[in-house]
Amino acid sequence: MRQLLPGDTVWRNIRLATMDPQRQAPYGLVDNQALIVRGGHICDIVPETQLPVSGDNIHDMQGRLVTPGLIDCHTHLVFAGNRAAEWEQRLNGASYQHISAQGGGINATVSATRACAEETLYLLARERMMRLASEGVTLLEIKSGYGLELATEEKLLRVAAKLAAENAIDISPTLLAAHATPAEYRDDPDGYITLVCETMIPQLWQKGLFDAVDLFCESVGFNVAQSERVLQTAKALGIPVKGHVEQLSLLGGAQLVSRYQGLSADHIEYLDEAGVAAMRDGGTVGVLLPGAFYFLRETQRPPVELLRRYQVPVAVASDFNPGTSPFCSLHLAMNMACVQFGLTPEEAWAGVTRHAARALGRQATHGQIRAGYRADFVVWDAEQPVEIVYEPGRNPLYQRVYRGKIS
């Protein structure tokens, strides 16, 4: 009989999808198990028969499914306003250029966000965060990028920090100052990149406001040379990097990010075999964002088969943002990744657990249920993990556990 220490908490009588690749069963499944939690971490996984029949802090889950807490590794959660009218214009035939000339596009969100009070931004972001948490998300990446000036980029990162401090969720904040060229630098994008590299990155890093630097390397974003300046600046300061790359065209952004051992290359619809090989060599995770693919009615799919062949880890994320992926649902992203991109349900689950953790540099502590990892997990009214992927809109979450506490 397993002896429990005072303060231990146990979840017993569970079907456990560990997502541990060392377990041979699909999803790392093991039946009739119990989880022992101590000090906010998983202490042990033991067979049900090794536990006392009852006791304090022992929760009987009556055979329910338990998985790691979900991880959304790519979001733009903090912004003001929406772009619904712009979307309607596009569907009525207006071009992106026409909408931009009217003040639409990303700079519309930038203007609204700059004008928005910090507390209002917090309340807007918290409501979105709670929607994700209600689906079982326990770790969430949040990018800046709707400030495009020092003061507002800092404001967005402070909101992310407050979300982490005041709610039962982990936040991984990312500086995405190199998201777009702001209106005041329209004719001088190189000058804006200088501002990013010489002012924003070092000053905001010194304040401890972010974990990684991101950029948008694309024909409608920044070119390879401009992107490399951002990567060089970050790496010189010891900051992990990642990139929005190969979404609308093939510029070689994935190879560039991988040369700097990037945490992830995101979107990657136009990724080629050389880029896939570079990602393998750089230890870079591929992050699929099917919401943007769907919303923009794109047709070029990511090279999933090449990613499998080169054994590049693949994550899946919501990319929640007002312009190209207004879907605040990781369950929906999992379903879309299967239906649109051809992932298996097990690959989609890996994409929101252990591979998403790797995309955030948290693979040693998050994304699996195993001894020593954080006690962030979800209890579902379901028998199989595929049920959560299969039916978006139905949420069978029974219990969300964060740092060993029911939340």
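Even glycines carry a Cβ here, placed using N, Cα and C.
Around the Cβ of ASP319 (Fe(3+) binding site), a 10 Å sphere holds 27 further Cβ atoms from the protein chains shown. Residues or ranges marked as Fe(3+) binding site by Swiss-Prot: HIS74, HIS76, HIS244, ASP319.
Summarising the annotation, Swiss-Prot assigns Zn(2+) binding site to HIS74, HIS76, HIS244, ASP319. ASP319 (Fe(3+) binding site) falls outside any helix or strand according to DSSP and counts as coil.
For ARG83, TYR146, HIS179, GLN247, THR324, the entry in Swiss-Prot reads 4-imidazolone-5-propanoate binding site, with the evidence type sequence analysis. DSSP assigns ARG83 (4-imidazolone-5-propanoate binding site) to coil in the three-state reduction, outside any helix or strand. Applying an 8 A CB threshold to same-chain residues 6+ apart, the list for ARG83 (4-imidazolone-5-propanoate binding site) reads GLY104, ALA108, THR109, PRO322, GLY323, PRO326.
Of all Cβ atoms in the shown protein chains, 20 besides its own fall within 10 Å of the Cβ of GLY323 (N-formimidoyl-L-glutamate binding site). Feature annotation from Swiss-Prot assigns N-formimidoyl-L-glutamate binding site to TYR146, ASN321, GLY323; the stated evidence is sequence analysis.
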Distance check, please: Cα of GLN247 (4-imidazolone-5-propanoate binding site) against Cα of HIS76 (Fe(3+) binding site), rounded to an integer number of angstrom.
16
HIS244 (Fe(3+) binding site) as reference: those binding-site residues from TYR146, HIS179, ASN321, THR324 with C-alpha within 10 Å of it
HIS179
Integer Å value for the Cα distance linking HIS179 (4-imidazolone-5-propanoate binding site) with HIS74 (Fe(3+) binding site) is 14
Could you check what DSSP calls HIS244 (Fe(3+) binding site) once collapsed to helix, strand or coil?
strand
Rounded distance in angstrom between the Cα atoms of TYR146 (4-imidazolone-5-propanoate binding site) and ASP319 (Fe(3+) binding site):
14
